[in-house]
């Protein structure tokens with residue numbers, strides 16, 4: 001009976017598929033043991049576990065009460081938003097509630113009554129944990145979709161942000177980018193950030209409501225239109241750099257930059273029809289457990305993986321104590337169909353089960369100790385001792401080669417899972433980690449390498465404890481940043497990565513002072529400022545800001561040039577000539 005049960009458990013992963021089994025009990029020549037497989041949690045509606053934040057304060061309508069109109073009938077403004085009345089209030093929670101059939105509930109912003117000041121809103125969705133997208137993100141807007149919007153993501157619980165996708169009715173005008181569609185991207189560019197015009201152009205507030213972040217279109221590049229070739233998708237997830245991470249985040253943020261305009265320009269006489277209204281946000285995905293768990297549950301108010309393979313942490317991102325014989329690694333989808341678990345292991349165990357530790361070899365037996373394989377590594381772990389001068393009366397140091405020893409043999413060696421080897425330098429009485437990984441450095445791999453900074457939301461033994469600074473090469477002084485991830489910017493550059501400019505500067509392969517603007521550096525004599533870089537002067541004027549009349553051209557002289565038919569010299573020119581003639585006459589005498 002036990003043999004039949006073991007056979008059933010062994011065959012179960014073969015028929016279940018989709019990486020949903022983490023381990024099975026098998027019988028081997030050495031006896032029964034666990035066999036591990038790469039595994040992942042089931043797909044779920046992530047919006048059921050999200051925390052939402054709407055900024056700035058006061059952007060939600062109803063305090064004070066406010067009336068608003070629709071684009072279809074802008075002069076019938078009988079609708080009202082009142083936060084004190086439950087029937088008329090539109091709080092943020094209505095973006096995630098379950099709606100009765102035929103009755104839409106929605107969050108709504110204030111109207112654009114303060115035009116021309118921008119009407120902008122940030123909607124941040126936080127899970128306090130890494131999650132992975134498996135389907136499109138779909139945002140449903142009532143009363144029209146925004147004409148300009150940015151979707152951003154964070155990998156560190158909202159400390160830093162990066163663009164995910166740009167949306168605009170004119171991508172070139174709004175962001176200086178050409179419009180593209182996800183379905184038209186190549187396999188090598190499937191994880192690139194793009195700007196789309198598909199979801200921003202006016203088509204009626206009731207006809208087109210949805211704005212999408214297209215995950216399925218990107219998957220289809222590898223798995224086919226019907227997503228039937230998932231084996232190819234899983235293979236590319238492992239082989240294509242950055243593809244798997246592209247669908248991973250801890251937070252999403254929608255930056256609503258300009259509301260629906262009804263297909264026209266802003267009409268100042270009726271600003272009560274311009275606002276944002278969102279009735280639903282659908283996010284389909286799963287907990288990111290690094291292929292070390294098939295369950296994800298809510299604990300202490302947050303999603304957490306139920307880790308297998310002797311791993312631990314919210315994302316199964318580190319090895320359990322006493323299972324750190326080798327450095328932690330994420331599981332892999334390859335080889336198909338069950339992948340590689342890359343389980344953490346105790347000393348002497350192939351799969352991570354606790355076994356009897358190996359017998360210690362005598363210190364003189366060099367075959368027990370792993371050998372340093374490269375000269376570069378040897379330099380990194382040894383200390384050179386200078387030769388003693390003949391007339392020295394101090395003391396003599398007898399250099400000895402440092403011993404590189406497996407980590408489990410050192411009680412004082414803690415590398416936080418970033419190395420599995422230590423070196424003991426006896427004449428310094430120092431135990432230090434060797435070959436720190438995951439962009440760490442230091443005696444215990446406790447510091448980040450230059451060009452990286454500490455991830456405050458990760459434990460010290462997390463693989464993602466160090467985040468790359470990613471400083472803009474042109475806008476920053478160097479590639480290093482401070483402990484919060486902010487880079488040191490050159491003059492005129494701003495932003496965490498120095499990839500933006502002060503309002504007094506413009507970007508052109510670096511930040512340069514504005515030549516003109518619409519505030520203080522005005523173009524004169526009817527000139528127009530073009531992208532803060534130059535003034536386009538009308539006929540008859542020249543200069544940096546069109547301040548100089550062009551008196552040198554008879555057919556193109558400005559009104560400040562005194563001229564008549566035949567180009568009569570100006571009075572001040574005649575006076576100068578007379579003075580010169582008088583001076584010449586005196587000298588001749």
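Every residue number used here counts from 1 along the chain in the order it is shown.
Backbone N, Cα and C define each Cβ position, glycine as well.
Annotation comment: Swiss-Prot describes 1-17 as signal peptide, evidence class sequence analysis.
Marked as disulfide bond by Swiss-Prot on the basis of similarity to another entry: 22-39 (among others). In the three-state DSSP assignment, the secondary structure recorded for residue 22 (disulfide bond) is coil.
According to Swiss-Prot, the feature domain 'Laminin N-terminal' maps to 35-286, an assignment based on sequence analysis.
Every protein chain shown contributes to the tally, and the Cβ of residue 61 (disulfide bond) ends up with 26 other Cβ atoms within 10 Å. According to its DSSP assignment, residue 61 (disulfide bond) is coil. Feature annotation from Swiss-Prot assigns disulfide bond to 61-81 (among others).
A coil conformation is recorded for residue 77 (disulfide bond) in the three-state DSSP classification, outside any helix or strand. All protein chains included, residue 77 (disulfide bond) registers 15 other Cβ atoms within 10 Å of its own Cβ. Residues annotated as disulfide bond in Swiss-Prot, with similarity to another entry given as evidence: 69-77 (among others).
Packing around residue 195 (disulfide bond) is summarised by its Cβ count: 21 other Cβ atoms lie within 10 angstroms of its Cβ, all protein chains included. The disulfide bond annotation in Swiss-Prot covers 171-195 (among others) and rests on similarity to another entry.
Summarising the annotation, Swiss-Prot assigns domain 'Laminin EGF-like 1' to 287-346.
Annotation for residue 289 (disulfide bond): same-chain Cβ neighbours under 8 Å, separated by at least 6 residues, are 39, 40, 41, 296, 305, 307, 315, 316. What Swiss-Prot records for 289-305 (among others) is disulfide bond, and it gives similarity to another entry as the kind of evidence.
For the recorded site, residue 433 (disulfide bond), the DSSP three-state label reads strand. If you look up Swiss-Prot, you'll see 415-433 (among others) marked as disulfide bond.
According to Swiss-Prot, the disulfide bond annotation covers 436-445 (among others). The Cβ of residue 445 (disulfide bond) has 27 other Cβ atoms within 10 Å, all protein chains considered.
What Swiss-Prot lists as disulfide bond is 448-466 (among others). Take the CB of residue 466 (disulfide bond) and look out to 10 A: across all protein chains shown you find 23 other CB atoms.
Residues or ranges marked as disulfide bond by Swiss-Prot on the basis of sequence analysis: 471-487 (among others). Listed in sequence order, 478, 479, 480, 481, 487, 488, 497, 498 are the same-chain residues six or more apart from residue 471 (disulfide bond) with CB atoms under 8 A from its CB.
Marked as disulfide bond by Swiss-Prot on the basis of sequence analysis: 489-498 (among others). A strand conformation is recorded for residue 489 (disulfide bond) in the three-state DSSP classification. Within its own chain, residue 489 (disulfide bond) has 475, 476, 477, 495, 498 as residues 6 or more apart in sequence whose C-beta sits under 8 angstroms from its own.
Sequence-distant contacts of residue 511 (disulfide bond), defined as residues of its own chain at least six apart whose C-beta falls under 8 angstroms from its C-beta, comprise 475, 490, 491, 492, 493, 501, 502, 505. Positions annotated as disulfide bond by Swiss-Prot: 501-511 (among others).
Sequence-distant contacts of residue 516 (disulfide bond), defined by Cβ-Cβ distance under 8 angstroms and a gap of at least six in the same chain, are 522, 523, 527, 529, 532, 533, 534, 535, 544, 545. The disulfide bond annotation in Swiss-Prot covers 516-529 (among others) and rests on similarity to another entry.
Annotation source Swiss-Prot lists GPI-anchor amidated glycine at 566.
Using a 10 Å Cα-Cα cut-off around residue 22 (disulfide bond), the disulfide-bonded residues 61, 69, 415, 433 reduce to an empty set. The closest partner of residue 77 (disulfide bond) among the disulfide-bonded residues, by CA position, is 171; the full candidate set was 171, 433, 445. In the three-state DSSP reading, residue 448 (disulfide bond) counts as strand.
Close to residue 445 (disulfide bond), meaning Cα to Cα within 10 A, are the following disulfide-bonded residues out of 61, 195, 415, 433, 466: 415, 433. Within 10 Å of the Cα of residue 415 (disulfide bond), not one of the disulfide-bonded residues from the list 69, 195, 448 places its own Cα.
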